[in-house]
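Quick look at what TrEMBL lists:
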type	residues	note
TRANSMEM	31-57	transmembrane segment
DOMAIN	34-452	domain 'Major facilitator superfamily (MFS) profile'
TRANSMEM	101-119	transmembrane segment
TRANSMEM	131-151	transmembrane segment
TRANSMEM	197-214	transmembrane segment
TRANSMEM	220-240	transmembrane segment
TRANSMEM	281-302	transmembrane segment
TRANSMEM	322-341	transmembrane segment
TRANSMEM	362-382	transmembrane segment
TRANSMEM	388-410	transmembrane segment
Amino acid sequence: MDAGRKQVFQQEGCQGQVDSAESKLGKRHDLILLLFLGFAGLYAMRVNLSVAIVAMVRARPESQSLRDTEDVCPNPEVASENKHNPLKVESRGEFDWDEQTQGMVLGGFFYGYLLTNYLGGRLADRFGGRLIYGAGVTLTAFLTIISPSAARYSTNAFILVRVLEGMTEGVTYPATNVMISHWIPPQERARSISRSCGGTLIGTVITLSVSGWLTETEWGWPSVFYLSGFICLVWSWFWFRYAYDTPDDHPTISAAEKHYIRQSIGHHRGKMGQNVPWRSILTSVPFMTLVVAHVCHNWGFYCLLTELPTYLRNIQHFNMKQNGLISALPYMVMWVFNLTYSSYMDHLLETGKLSTKNIRKISMIIANHIPAAVLLLVPWVGCDRQRAVILICIALGSGGASTCGLHCGFQASNVADYNSLLIGIQHRRILFFFFLKRKCHITVIWCKKINK
């Protein structure tokens, strides 16, 4: 807490209460825990297909024959007498999807995701982040559970379900931003956002680790969808039971914590009805800087999130169980770095050693430039499994610094400013996700050719 605000509290005779509320665990920390678990479930439902699709799709002869020319990494699982007969390898799978169909299946989620970002923010302002976030997770859980049936019914039905999942998940981040703007004091936001959004990494780690094992069991790939969907339905009961939109709505919050939050955040303006300042948005240099930073960071993050299991299986030839564990490792590194780095940045901010602007700049340099430089080295290590995995871990791990950079820019304490920000972010997602899958496939092909 800065010295000026502490002085105000001392003049009001509230310094003891404020220090107590700031140092103790309170209801705002309960909210962070619920958001952490919610994001873990959301990303479990988002990334489960990345591993499951490897087991769902049977190897196509034309794809296998191309390996001799595009993929020079030897497959250690293939016996010496079968090296020249790749059609016998990994031919199991229910679905005969070519690369284009797989791209549509994997990318369907993101096409739906871009449609509801702005809607989620406006609905959260009107009806509260608790309802919109909870409904987003719950509806996505139902859609995840019916995904195996949809896939077996038809490919188009499965793609439609994935699009709908993207739409229901698309409201969750805007709803989170609304709730955080009401609950979390500015001086706690870097570490609070890191801890809540850290659920995305833990959900990714657990799902990627478990999914590879589940696909090898008698329950097969459908169990990946059933398990993640059921867990999120259980979570939804706890969310609607213990989460509240604002501190004023919470029936058991202490007076000290409520006062601390109010004094730190200030007064929120009216929720709806403001005219959207389109011209100011589109001509705002800070805002456009945030958009560019988010596009650059998310492009690499989601390409790896979606394509990493396929890369590890088709190029580095890890088996399904190894694939899940190795795919999860970079996200565990990212989570640990995220927690450590955000706590240290909050310490530097509170002690006045770095300004907020410098922390944001340094964080985005680490989050964007280090992964870019490291990922350029991946094709050059060729078929060296260990070095490739180490480089990917460094790239994704350093990306965790983005929490103290661009992500802290979303939680404006002024609701009207937040809505303006969210509208522009929606346009950023439209440009980003529309080309996501095509660019990811181009990247994978480029890596193959470099390896050759």
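Heads up, residue numbers simply count up from 1 along the chain you see.
Note: Cβ is positioned from N, Cα and C throughout, glycine not excepted.
Against the transmembrane segment (281-302), stretch 388-410 shows more Cβ pairs under 8 Å than any other of 197-214, 220-240, 322-341, 388-410. Contact between the transmembrane segment (322-341) and the transmembrane segment (31-57) holds: at least three of their C-beta pairs are under 8 Å, each pair 6 or more apart in sequence. With a threshold of 8 Å between CB atoms, the same-chain residues lying at least 6 positions outside the transmembrane segment (220-240) that come near it are 34, 37-38, 41-42, 44-45, 48, 51-52, 55-56, 130, 133-134, 137-138, 140-145, 147-148, 207, 210-211, 214. For the transmembrane segment (197-214), the neighbouring stretch richest in Cβ pairs under 8 Å, chosen from 31-57, 101-119, 131-151, 388-410, is 31-57. Confidence for the domain 'Major facilitator superfamily (MFS) profile' (34-452), expressed as mean pLDDT, is 77.
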